Structures are given as C-alpha cells and as structure tokens.
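Have a look at the structure below before the remarks.
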Amino acid sequence: MRMRGEIVGYKEEEDYKTEEEEEEREMVGGGLPESKFVVVGYALTSKKVKSFLQPKLEGLARSKGILFVAIDQSKSLSDQGPFDIVLHKLSGTKWRRILEEYRLTHPDVTVLDPPDAIQQVYNRQYMLEDVADLNLSDTYGKVGVPRQLVIEKDSSSIPDAVGKADLRLPIVAKPLAAKSHELSLAYDKFSLQMLEPPLVLQEFINHGGILFKVYIVGEAVKVVRRFSLPDISKRELAKNPGVFRFPRVSCAAASADEADLDPSVGELPPRPLLEKLAKELRRRLGLRLFNLDIIRELGTKDRYYVIDINYFPGYGKMPEYEHIFTDFLLSLVKQKQ
C-alpha cells in the first residue's frame, strides 16, 4: 500500500523530468536557447558561400550556438535579422551605401568589416601603403614591400616610366583592381609596352619559389606554405624576352606544406614577427579578416616582403578554419557583454 507522500513525491519527480526534457528540447547549440543564438547574417557571392559555408563549419557553429542566416539583398537590411554580426563580401557602390547606413542605425551590430576599410585593399595602388609606412624591423627580421610603380594608362610610356623609377627587371605586373589574381611577368624593357594598364608594376624578388600565406582572423594568425613563381637568373632574363602571363600563382592545390624543402627556403617566418605585423595591420587597416602574401628574399634569413593583401580570403583552404572562425565570432559577442 503506497503512502500519499510517496505518490506526491513520484508526481513531483515526473513533473520535474517533463520540464527538464522540455527545456532540453528547447536548448540547442551547446546549451544555448534558440532565442539566444548568435545570429550571423551573411551577404556573400555564391562562390564564396560554397567555399566558406561548408557543412562542417555550419555544423560546428550550430553546436557552439551560432546560426548563419542568408541576407536577402532584395529587401531592406534593417527589416531582416535581428543580427549580432553581419559578414559580407560583395562589391558595388549601392551595397557599400546600404551597409554604411546600416552601421549608423545599428551600432550594436558588428559589421565584418567596414566597407571603406575594405576598399583600400581592393586597390593595389594603396594596398601596401600601411606595410611600407610601418617599416617593421626587429630582432626577428625586417618586413617591407617591393618597389613598385602605378601605371594608369598609355602602355607605350611604361618602358620610360620604369627607367625613370629605376625598377629592376624582371617586373611583375598586376591589375590595379585587386579582385583579379592574374599577373604577368615581363623579362625585358621592350616587352613592358605589351602590358595593359591600369596596373601596378613590382620588382620581382627571387624567393626560392615559396610564398607564405598568412591568414588573419581577428587575433588568430595561421600561416601555410604555397608554391610560387620560380627564381629567375640573369641568364634566363637574357634568353627569355617577352611577357609571361599567369592566371593564378598560389592556390590550395599548390600547397608546399608537405614538400621536402631546403630549410633556408621553407622555414616559416618567426611567429613573433608575424603576430606583431598582424596586430599593427589590423589597427592600421581597420580590418579583422584578411591575409598577407609574404616572401623571404632568397639568400637572406630575415628579409621579408609583403606582396599582396586579400580581404576575406579563401578561409576554406586554411587548416582548422572552422574552429578558428567560430571562436572568433563568439569572441566578438563576448566583447560586447
């Protein structure tokens, strides 16, 4: 025969379990109620969505309490959300204006990154100015930029302009707009007039055919090796006149991380140097999502050059990007609490 107290106790326990189960059903994302998710609105090209928003990233993000929500560009941005973070990589004056207005009216939302700051690294005339002004030099090494010249028009004037600027051959030619990754290599002065402005001309620096891609996600810094253009000797310069075009030099398929490299060529730049460089450029550029293409001058141990800066690069090619990126997003929310 059951006592009344036992029956009541059992009912209380049953109610407790029911409430607990209900609460558990409402809890998602690593213990966060759905209403408390960190909502990241994204406005990305279809290509960027495919490479960046991979299932593994979205799954890990959800387990950490982060939801990625596509922004509908046909609707008012203010009518969507609410967002905690806006992640974007779209071009066009109209989009920049929309985003700037949104930042003013929604100061509590973190926009990655400010449109005006992004524009600077989209133009190779100004892209490397902050690196040059920084003139970073310490016990770990020296970081600079190649000597360069901007040509806006009139290809016939290029040989004289290169001569006056005293740039050494061979010359790397890159489109002025950094949205294109194509480049050309001009071996002789006569061939320079075959180039098509507007472009930036940089002195080519022998670097052992290895480039260091330094990914920056907030305060996190990750570096990988990529194969690059091979070194060029004076003999090759004399034998190979003309302009050679390369659609894209560095990509994930050209990874050199597993290659058997001469230590003088393959050794990664010192971590303290990269962290100092990343910290200074985050502050100067006003960006938190970018990467640096860095080379080490052949025959030196500590002479480095930044040859390109890319905003919101292909993070899908960066090892462990899912963990690094989700931790970064959570840190942005914690900073506001």
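Every residue, even glycine, has its Cβ placed from backbone N, Cα and C.
For R124, K174, 202-213, S228, the entry in TrEMBL reads ATP binding site.
Summarising the annotation, TrEMBL assigns Mg(2+) 1 binding site to D293, D308.
Cβ environment of N310 (Mg(2+) 2 binding site): V121, A178, F290, N291, D293 lie under 8 Å away, each six or more residues apart in the same chain. As annotated by TrEMBL, Mg(2+) 2 binding site applies to D308, N310.
Positions annotated as compositional bias 'Acidic residues' by TrEMBL: 12-25.
TrEMBL lists 39-118 with the feature domain 'Inositol-tetrakisphosphate 1-kinase N-terminal'.
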CB within-chain contacts under 8 A for F204 (ATP binding site), separation at least 6: P146, L169, P170, I171, V172, L185, L229, I232
Helix, strand and coil residues within the domain 'Inositol-tetrakisphosphate 1-kinase N-terminal' (39-118) as assigned by DSSP: 36 helix, 19 strand, 25 coil
